[in-house]
Amino acid sequence: QNEEKWDFVLVSDIHEMGSEKEIKRKKFLDELSKKGFTIKKIEDTKLFYGVRAPQHIFWKYQRLLKNPNSRQQNDQDVPVTTRIRVVHFILQNTVTSDLEKLHDLMKKKVFEAAFPLHKKEEIREMLKKKWARWRVLFKEQPIEQIRCYFGEKVALYFAWLGWYTYLLIFAALAGLATVAAGATVFSSSQVSKEICDANSTIMCPLCDQNCSFWVLSDTCTYAKVTHMIDNEATVVFAMFMAIWATVFLELWKRERANVATSWDLYGWDEEEEELALQLINNPQHEPRLYQHSYFRSTIVLILSLLMIMVLIGIAHALVIYRAVAMALFTQSQVNLLSQHADTIAVMTGAVLHYITIVIMTKVNWHVALFLCNLEKPRTFSQRENNFTVKIFLFQFFTNFSSLIYIAFFLGRINGHPGHYVRIAGHWRLEECHPSGCITDLFIQMAVIMVLKQTISNIMEYLIPLISHQLRKKKKRPKKRSLMLGEEEVAEDPCKRQWLNNYELNEVNVFSLFNEYLEIVIQYSFTTIFVAAFPLAPLLALINNVIEIHLDAIKMMRLRRRMVPRKAKDIGIWLQVLEAIGILAVIGNGLVIAITSDFIPVQVYKYMYSPCTRENHTSMDCSTGYINNSLSIFHIKDFEPHTKVLPEFKGKQIKECRYRDYRNADDYTYTVQFWHIFAARLAFLILFEHVALCVKLIAAWYIPDVPQKVKNKILTAKHSNLRNELSTAEYSTEV
């Protein structure tokens, strides 16, 4: 039975005898045989080669990595994950006489696939039963068993995702409480009432051609929705999320320290392991020394900046689309389009934004890989780190450029009636929704998060499932009917197992990377603009509960086995998450200071409301805010090409209102505008400094490594030194 345990399977097409591909394949297999590998060949529609490494390779591995008892260990004591990892490294770094590696041979179609096997073993059946199925959706993950089957890197991903999902419960509850407070406590706010009662407030037209005046009370429903997310509770929630992001990371560091200690990974060094594997594969190996080229770095930096500019350009294209769509929808003969032109423009813009995200994700991937190849990183982990930083930067601008425009520029650079800023001198830049700019950001966030999570998860599950079914149908040959008197030849037991594994979807070195990237981008959505969309943590929580088991099902049932990799933390992703935490403080501070109406309302209450002039204890101090926040425009000052009917509901209109703080005579900014501007700036500085100070205090207050872990390491060091001393004294006496 021991003979039938295979570490890896290589798959090849059946090539003609004496062909170039057949010769290259034989050369590679001969190199493996020289290293002591056992190779078994099975022929079906493809050629399958089972590969098993000799035991002395693992003795060397354990000896080099400071396990002196390795000589006494037998084949059963080497963990399967270690066997696969070592064999994978040797396969990838075996060089033929033509100076070709397995990677080159796969490019030339000499080999089609190389993969470790999913075997019918107890741990796999346990994971399929208790982890990779929908029935156990709310059960705790068996992290230790995941580690024993997939290795530390995959286990750490699921431990981190589980921890993040658990802490999202508190963020989701806080978000729900914020929305509930907005819907109850703040729903009957004075600002909403004034908008709903403004039957006589005539607003300026929203477009240049065929648009009529309209009444402010038409936006009553939107005003209530806006105030549900734009109130005092949102400020508290934004501060809470800044602290939550810090606490999440600090608690994860503690959790990671516990895990790394229990898995005996604290002393493990990735570079040392790679050097050991290189020496096992080739005793004459010389290490590749560290190098740095300022020329290469400059080229990569310039190309990265160019790519970021392209992504920002795409965001500008979306802005132009919304401006043009707004103009076309308002002139439409369809009532539904003309009456809700602004909302439809925002909704279709959000869908278009989602489509650009999907397309540009693939482009970003290829560009980031190209830039990594230019840098020529020394090791695989260095390459992975460089790639992570680049792809995250590109994905961040792809996902957030449009949101940044809506949050901080929409409605602030479009001019005013009689002097609008225009695209190509024709189309007006769009304005914020009449009920406030935060509504546009809320809609955009909601559409992108819902679309991104639902469509992505459906595609993530269906594509591998359909692909697996198609591969099964395509690869399985029909059974040959037996001739009379002919006995059926017993099938090799390995053949069915190897075929079943081959029919699964292939995995690559970036399979786990994709999962990390998806969740980190989601974490960005959940924290950076959460003040505009308090339901983001709830959507993230629902997504993650599904995501954990979706990933489990894919890994266990639909994909080939991933090559286990060792790791003691989540790597550079931790620095990425810390950077997002700082961006979250800045982003939410800007949303409240600039996008929200929170500051203008507070300035009005304390400087311009009736409360400042008279002692009205019973009066709401925001009374009159809406009238105060609207400027007056004389319709005689409209631009010549603006076609507006001067009559509205049988009345002759001489002036209309618009959202801004401008004088009625020369349309310059009022003193109140500058008061609000100063207050916004002061709030932003105060909010960010307080939030960052609280983050620093939280980071200091919660130690990265628990005391019991520190004490365990200290005791182990002391014990090792005492044993060394005893051994030295004994040697001296002898």
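Backbone N, Cα and C atoms are what each Cβ position is placed from, and that goes for glycine too.
Residues or ranges marked as domain 'Anoctamin dimerisation' in TrEMBL: 78-143. If you look up TrEMBL, you'll see 146-713 marked as domain 'Anoctamin transmembrane'. If you look up TrEMBL, you'll see 154-183, 233-252, 298-324, 344-371, 391-410, 520-550, 570-594, 677-702 marked as transmembrane segment.
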Quiz prompt | Within the domain 'Anoctamin dimerisation' (78-143), residues counted as helix, strand or coil by DSSP | solution = 33 helix, 3 strand, 30 coil
Quiz item: Which stretch, 154-183, 344-371, 391-410, 520-550, tops the Cβ pairs under 8 Å count with the transmembrane segment (298-324)?
Solution: 391-410
Quiz item: Would you call the transmembrane segment (677-702) and the transmembrane segment (233-252) in contact, using three or more Cβ pairs under 8 Å, pairs 6 or more apart in sequence?
Solution: yes
Quiz item: What mean pLDDT does the predicted model reach across the domain 'Anoctamin dimerisation' (78-143)?
Solution: 89
